[in-house]
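The following features are taken from TrEMBL:
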- ASP37: active site, charge relay system (ACT_SITE)
- HIS67: active site, charge relay system (ACT_SITE)
- SER235: active site, charge relay system (ACT_SITE)
- 334-348: compositional bias 'Polar residues' (COMPBIAS)
- 400-409: compositional bias 'Low complexity' (COMPBIAS)
- 31-274: domain 'Peptidase S8/S53' (DOMAIN)
- 652-764: domain 'PatG C-terminal' (DOMAIN)
- 334-411: region 'Disordered' (REGION)
Amino acid sequence: MNSSSSEQQINQPEIDGLDALWEITQGRPEIHVAVLDGPVNPGHPDLQGMQYDYIHRSSDRPARSSHGTFVTSLIAAGHQGNVKGIAPGCRYLFHDLYHETAGGGLYPCGQADIARGVLNALHHGAHLINISGGERMAAGGEVMPCLADALSQCEAQGVLVIAATGNDGSNVLHAPACYPTVLAVGSLDKKGLPSAFSNWHEAASSHGITITGEQALGACVDGDGFSTCTMSGTSFSTAYVSGIAALIASWQQQYGMSDMLSIRQLLLDCATPSLASDHPERARVLAGKLDLEQVIDTCRSGFPAQAGTPESGTALAAVISSNHLNDKAFAMNQDTFSDPNASPASSGQDGGPAHTTEPSHAIPASAPDDVSVTQAGACAAQSDDAPGSNIPCNHEAIRNNANSPAPASQNHMHYSGVRAAASGAVKPASVYNPFVNQGNIPTFENCQLVLAIGQPSYNFGIEANQDVFKAALSEWHSHLPEVMKTMFPDSPYSELSMAGFLLWHDSSGNATNLYYSSQLIWILSMNATPVYSITPGMVPFSDSIYFELAAFLAENVGLDVAKYKQLSRAVSHRADGTNNNAERLFSEIKTTYEDSLKNKNNVMRMSLPGYISGETRLLNGNAIQSVSPVAYGMNNWTLEALIDAYSHGRQSSDNFRKQLESLLNRLYINTVNRGQSPEERALNYAIYNIISVADVVNEAAENNLQFTSYQVKPSKIQRQHSEMRDVELTFFDPGNTTLASTTYAITVDVSAITPIIVGQIEQWHAPVSVTSV
C-alpha cells in the first residue's frame, strides 16, 4: 500500500502553476467536495477552520487511523499550519467508506460500499467526489451494476468523480477508476516518471491523467495524538487532482459558470505526455501528465474578466462547454461497459479482502416529496467499511443535464384504452403474455416483466389527495388514547402513523380504514429512492394486495401487525382505552417498535413480481414506472427472521449469527437492481428465495466465508417453452485469501411472471486472487 515516514518536507505540493492558481482562488464554499475514505479527524490542528459536514460516520469515536485525515488535509487544510491543502476555501462532505479495526487499521470495502457512498454524496449535494481507493478486478471483470448505476447518475447530474488507479504497479482493472465517466488518476515520481506502484490499464488510458503522488506531506493521526508525515500512493495523487478541480470550479463560480464535467475534459485536454509515444512505459502515464500551467492559460483566455472583453471567451467555451468524453472513451464505454448485467469479479482493497458492510437504512420516501426519482436507483444508500480510499461528492448548481438521453432500460409505457404495449422490442423471457383474460381485467400484452426487491413506501400523487389523508389521519389521531398519541404522530408523512391508521380495527374486527389504502400511490423504494409504483387495482385479489402493502409498511417500521390488531380492537371496545389488556399490548408494541429503531441492521425487504403497466406521476412531478403485481409472489422478510429460520433446530453461537448477518447483508447490498432483465429476475428470485438455498448460506457462514461476486448466465440446460438462467454466487475466505473460492450455481426458470428454482444446487472451487488496493 502507501508508504510513510515522519520526515518533514516543504509544506505545499510540488505542482507547477499552483501558486499562480492560488493567487486567483483558494476555493469557494459554494463548491462541495465529497471525500469518501476512512474516518476523518477534524480535530487535527492542520484542519482547523475547515468547512465540512459529516454525512456518514462509521463510528462515534474520533478517528485513530490516518488515511482519511491525510487525504482530506491534502485537499482541505488551511495555509496557516504545517500542511497546505489545495482548496481550503471549499466545503467538504465526509462519508466513511472504511471501518476502523480495534488497532487503528482499516477494514477493506467493495464496489457496493463505494456505490452507496457515491449515492449518499449525490443526495447531500456534492459537486465533486474524491475516491482515493477502489477495488482491483480480475482480468475481464466489469464494474458491478450498482456502482455503474451510481456513476451514471453522477454523469447525468453533472457531478465529477475522480478516483485512484491503485497501487499494485500492474496493468490491471481498478474500479471505479476504470469506468469511462470517472477521471482516473495515477502517480508520478519526483522526476515526472510513472511511480513504480502506480497501476495502469488501457481502459483508463483515454480518461486518466497522472500527477505527483510520492512523498506527499499531510496530516496524520498517531493514536490519540496528531502529527504530520509523508506518504506515497495514487490516493494522494487523486486528492491533488480533486483539489485542483475544485479550484477551477471555484474560478468558474466567479463568472456565474458551473460545469464540473467540462473541467474533466479540460484537465484531460491539457495533459501532456511525459514519455515518448514509442517508450515502453508510455501506457503508464495514461492520457498524460497534468499540465496545470496550460490549464490556467486556457481558463485565462476563456473567462471574460481575464480576457478583458465583455464576451464570454471562445477558447474556454471550446474546451469547457462539452459534457462528453472523447470519442475513444465512448467507444470503450460501448465495447466494455455497455452490459448492465455483466458480472464483476470482486476482490479486496488496500491490503485486505472485501469486507461485509452494514445494510442500507431505509429513509421514508413518503415524507414530503424532497426525494427525486432516479434511474434505477440501485445501490444501497448508506454503508461503511474499507481501507484506503475516499470520495467527495456534491451537487448544487449543476443539476441541469436535462438533455441527456434516457437509458434504454427506462422505456415508460402509457395506457391506451385497456391495453398497454411496451415500447420497443422486448425479449420473450422478459414479457407478459397471459393465456387467458382473468375476468374484467385489462389485458397487458408484451409488457416488461419485473421481479424487484426493495422497501415499501407511499406517495399522495396530488395535493388534494394529500389533504384528504391529512384530515382523515388527524380525525383518527384525535380519538386515540393519550398514551398512544405519544407513539403515533399526527402526520400523514409518518409511516408508523399511516400504517396504524390503515390497519385500525373496530371492536368487531373490521379494518375500518383499509379502503384508504387504494387512494395511496404505493411505492417500491431502493435506498430511499422511489423506483416503481405498485398498482394492484388492475389485477385479481387487489383487496388482499392492498392489505399486504399496509402490513408490509407496518413491519418495515417495526409495528407488530398481529398485536396491533388486538390493541385497536381492545381500544375500540373501550372508548377511553383504559383496560389492562390494552395497556399490556401497547407496552409490548412500543417495546418492539423501539427495539426496531435500535437495530438498524434488521432491514425489512419485500419482493415485487409483476409486469410494467404504465407510469405514475408523484407529488413532486417526477414519473416512475408502474407495476401490476401478482399476489402470490409478494413476500417480505427481515434479516432476523431469516437468521432465526437458518438457526432453527441447530446450535448457533453469537459469532455464527453475526457471520450470517454479515454474509446476508453483503449478499443483498451487492446485488441491488431493477429486476427487469431475465438475468436480474433470476438473481432476485435466488436471493429472496434464499431459504430454499439455506445450505449454501449456512455452509458459507460456518466456514467464515464472505460473498464476493455473482454471475448470471444462460443455462446449459434448457427445456421447451422455458428460459433458464444459472445464478452463480461466489464466496471467499477473507482470513486466508490463498484458499480457493467457493461457487454455488442455482438454475432458475424465468419464463413465468414468478421465476422458479429448477434442479439441484451445484458447487465447485476455483482459484481466487484478492489483492490489496
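Cβ coordinates come from backbone N, Cα and C, glycine included.
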Rounded Cα distance in angstrom between HIS67 (active site, charge relay system) and SER235 (active site, charge relay system) is 9
What does the DSSP secondary structure composition of the domain 'PatG C-terminal' (652-764) look like, as residue counts for helix, strand and coil? 40 helix, 36 strand, 37 coil
For SER235 (active site, charge relay system) and ASP37 (active site, charge relay system), the CA-to-CA distance in whole Å is 10
Looking only at the domain 'Peptidase S8/S53' (31-274), mean pLDDT returns 90
Over all shown protein chains, what is the count of other CB atoms within 10 A of the CB belonging to ASP37 (active site, charge relay system)? 33
